[in-house]
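Following: one structure in structure tokens, then a few remarks.
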Amino acid sequence: IYRHQWLEVDLGERTKITAVATQGRYGSSDWLSSYLLMFSDTGHNWRQYRQEESIGFFPGNSNADSVVQYKLQQPAVARFLRLLPLDWNPSGRIGLRLETYGCPYTSDVASFHGGSSLVYRPSPSPRRTSKDVFTLKFKTLRNSGTVLQAEGREGLSLSLELERGKLLLLLREDGASSSEPRRLASLGSLLDDQHWHNVALERRSSHLNLTVDKHTERVQIPAEFSHWDIEQLTVGAVPRLDHQKSVISKRSFHGCIENLLFNGHNLIELAKHNNHQVAVVGNVTFSCAEPLSVAVTFTGPQSFLQLPGTTTSSSSAGVSIGFQFRTWDKAGLLLTFDLPQHGGVVWLYLSQARLRLQIHKAGKALLELSAGAALNDGQWHAVELNSKRGRLTVTVDKEEGGSAQASPAFPVAVKNHLFFGGCPAEDNHPDCRNPFSAFQGCMRLLTVDNHSMDLIKVQQKQLGNFSNLQIDMCGIIDRCSPSRCEHGGRCSQSWTVFHCNCSDSGYNGATCHSSVYEQSCEAYKHNGNTSGHFYIDVDGSGPIRPQLVYCNMTEEKTWMVIQHNNTELTKVRPSPSMPHLLLHFGYSSKEEQLQAAISQSEHCEQQLSYHCRKSRLLNTPEGSPFSWWLGGPGPGRVQTYWGGAQPGSQQCACGLQGDCVDLQHYCNCDADRAEWTEDSGLLIHKESLPVRALVLGDIKRPGSEAAYRVGPLRCHGDKNFWNAAFFDKETSYLHFPTFHGELSADISFLFKTTAPSGVFLENLGIRDFIRIELSSSTQVIFSFDVGNGPLEVRVESSVPLNDNRWHRVRAERNVKEATLRLDDLPVATQEAPADGHFHLQLNSQLFIGGTASRQKGFRGCIRSLQLNGVTLDLEERAKITPGVRPGCPGHCSSYGSLCQNQGRCTERENGFHCDCSLSAFSGVFCQSEVSASFKSGTSVRYTFKEVYEVSRNSSALPSSIYSDATLRGENVSLSFRTSQSPALLLYVSSYYREYLALLINKHDKLEVRYKLDSGREAEVLRSRARSLANGQLHTVSIRRRSDSVSVQVRRRQNAARHVHAWSLMNLARLGSLGFTGCLSVVHFNTISPLKAALLHPDSGPVSISGPLVQSSCGSAASANPYAAENTHHLSGETKQRQPVVNAIRTDSALIGGVIAVVIFVMVTGLAITARFLYRRKDTYRNQEVKGVKQDDSPDFTFNTQADSQNLPTENPKEYFI
């Protein structure tokens, strides 16, 4: 059966069609199961009706008797209707009863022919109107022209102009037609399709609304229009005044305009009745004269159009072929034909959006030409191919395009047939070969030898041949208008799909919907990051752009720092002409970013200081303040209190605390003294932050001096990140309002559970739904239905997910695809149907942790649940919901691995903390090395306490200071950097003349010397590796258990590690020697003596002589002290902004680089324990054992007896560095 059949209905006049109904043939098995609808005003140039701009087909009947009616989402106005069957009952034939529903349609129409126009002059009004409304419908075949222009006083004018098939709203000033207009809005696309398009322009007091068909754009009115009234309205050709002569614009409108209304006045009806307010200029006719232009659409790879070649029998007559095409594809065959002689073939095709011509013979290119560029822009392009008198010419768009010429040595003519767009499906067709992709797009105005080809005859099988064509319509769709790419993503398209380029946007996904950045510094911290600059996106996929902040993670609280343009203490310089000094502060973040960051944080603060000498500040609560500041949203509100005081108190911190220098005043500066004083404190009320401006008043009296400082905005805590709820029953759930994610929906949350399955989230509609569930202990499923049938996206985990650890789920659904992410597993993707529904329509409540049926509920914790960037407050809702508890403890099981270097994870109500007391490292994750540079002149003594004395001590000092003194072995580690040899790195001695020494000998080798029995000779372990005193950082680890000793050395350079072999040798007597260089992360069993000396210098076990300053010399990065701090960039963002004047300033150990202070430290320690624990075994096991004489190591001579002198009676061990 021929599938390209249709039923056409002529309604007699243009009618507003609102619904259609179909039914099968009575008493038969004949009915349609799906069909297309097309409409037309003239019986030509058909337009396919689409639902949701995507669905082209209508489901039909399932039997012969029932009636299926569809109400059109947007009524169609047309005279002719076509129904094209797509599928029917396979056991029957095409059978149809059709009914249409609608009502009469009346309109007033005018045609404009390029030099004609209507000019309307409104009646003068005593009152200025605050609202103007223009509405009209237009149709045209031209892609450019001025539709309407409204002119007002002072030469200001608004115009609606077509440009490349788009409608632009332009603003012109001073009536200058030659000046470049300001573009306010752009809407629509492909508006030159000779179909009616609805336009509405509404001017209100503060904004303009432009609507084209179903899409509206809101535009803020420029300041020039605050006192603007329309004096003249011109439709069609717009006269331009140039030296008192009327010049008709070349961009005049060609086409028809219908129902032109201005503030309720029908201008076309007024013109038809010769109203004096409307002037008709040129040839305006009050009907729509439409030129006949039959287009053809090549819908897919099987499409082709075959036409007869030249009618001239002589091959020397040449060829002349012309046509127009439009497409979104960069490549495709436009035309091919065989040459009459020599077996050659001509291909005219698109490649890289350029027009190319090739002539081949026997697989060899005889001729190649190219012309034009960017021909895949969706515009109509005219192509001419001419061969005459030995000259071949290819032209694109004539004057505006380009051409290419050649003089082939052979005639170019058509042998038999012309094939447009492709070749017939049968293999090796004798007259058509296509090595290129098929053309997908539209063609029109086909001519051969200057004769127009009648495509209606082709459709009626009276001329040529075709396959898979839509004749008498152009089915091109602009999938980028409106753009489905969000957050500034750039849309591009082919004939069938669109693509979003998300680079430089800060977002990813098929539609640039999801942010690539975390929402807070707290989130970055829990990814294992340390302090640095980060981009945060406070609302995720919402409209607020990412902002660059500094995340300070050196404290238990994670601080977000936002800079402004002056955070330094600045001296006041009064202006002679102004009574007050006004100081504005510009922040690195925009207004909406600032407010969102403040709102999301648990606490925010900002330092505010005023240093003064005879410069009063607030003038006590009884008087008018001399100075004030502005803070809060927008420009800020006037605040008359100072840092450290309460809002509205008109006090400073000293007034609140009662310790001002003059108790009669509530600010130190209000005492008006000649000595310098200050009022400083923190502003902590988020409603008043950030500080926008300072207004300083009492600064011009003789002798008055002042300085001010407004610190950066600092916030900590993320109210959203830890917002959690615990569901303890399968029947418990939380409910929220309906989730609205019609076109784009993203859902993210964290969960932990011990249950094998459960539904995390569900929202239902009449037929649509969306659901995320744990289907098994290893699988998460994201399922939904938008009207095309249920779709599922699954992610399978190789490890159980019910392990009571936090797991992160991120699901996204948009018009192109659905994705599901689970932790760091590969993303699962399900593409959406190309021609299907894409609006998600839900109407029930949103269920969290359960379902409407109260089955398959989730048992466990859900945290940080966000839908389209908005966090749901689970805790607040859980407080009033039975079976659900707010909050969820137990974070160390998931985040404990972030605590490094023997740091211990401890639970917090919202989060966790790394306890570094047993670690030689410090920092939020125990990741920062504690180091010091050594030189002679500084010493530190560290003393171990007796076991019974430790038990008596009730001090809560960390174990880096006190620890268990019972030693059954040693775990010793340290890092060093030195250029000295010989040098002593570490020395431990006891009252019993036992010792452990770690040193570099004169050969730059490392030695470890043990003496655990005073009656025996010492043993030495010596490295075979040399050059340890090379100034590079090395790490030494010593481990002794009973009679077994192991030693490792790692050189920390470019992350490489070198483990050296050791020999076991006899120990010679050692002597004391100092050390110059760097020691870092010194660890002895459970204590960290160097860390205790640096961080707790006043503690009991530590005594220090001389200066001791902490350094970063032990860091691997310290070799380059000027290395730039890592910044997480929003790649490609190059917008010029006001530079931040001062960088964030904190402790110099954090930011300032390497401290250039070199000190020498010697730490001595003495510990008492049972002597039998140190009995030397006869043999030490290691890789190699070798006896050595005492003179093998003459580098040092230790007087162990001297070490035993003047010891306390409690017999402590002394520990030396």
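From the backbone N, Cα and C atoms, a Cβ is placed for every residue, glycine too.
Predicted, not measured: the structure shown is a model, and the values here were computed from it.
As given in TrEMBL:
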type	residues	note
COMPBIAS	1196-1209	compositional bias 'Polar residues'
DISULFID	Cys861-Cys888	disulfide bond
DOMAIN	1-103	domain 'F5/8 type C'
DOMAIN	108-288	domain 'Laminin G'
DOMAIN	294-474	domain 'Laminin G'
DOMAIN	476-513	domain 'EGF-like'
DOMAIN	512-564	domain 'Fibrinogen C-terminal'
DOMAIN	723-888	domain 'Laminin G'
DOMAIN	889-927	domain 'EGF-like'
DOMAIN	931-1113	domain 'Laminin G'
REGION	1191-1217	region 'Disordered'
TRANSMEM	1149-1174	transmembrane segment
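When each of 1-103, 108-288, 294-474, 723-888, 889-927 is scored by its Cβ pairs under 8 Å to the domain 'Fibrinogen C-terminal' (512-564), the top-ranked stretch turns out to be 723-888. For the domain 'EGF-like' (889-927), same-chain residues at least 6 beyond its ends with a Cβ under 8 Å from one of its own Cβ atoms are 522, 525-526, 528, 530, 553-556, 558, 717, 722, 752, 804-806, 958-960, 973, 1081-1083, 1086, 1088, 1090-1091, 1095. The Cβ of Cys861 (disulfide bond) lies under 8 Å from the Cβ of Ala724, Ala725, Phe726, Phe727, Phe751, Lys752, Thr753, Cys888, each of which sits 6+ residues away along the same chain.
Across the domain 'Fibrinogen C-terminal' (512-564), DSSP classifies residues as 5 helix, 18 strand, 30 coil. Every protein chain shown contributes to the tally, and the Cβ of Cys888 (disulfide bond) ends up with 24 other Cβ atoms within 10 Å. Helix first, then strand, then coil: DSSP counts for the domain 'F5/8 type C' (1-103) stand at 0 helix, 61 strand, 42 coil.
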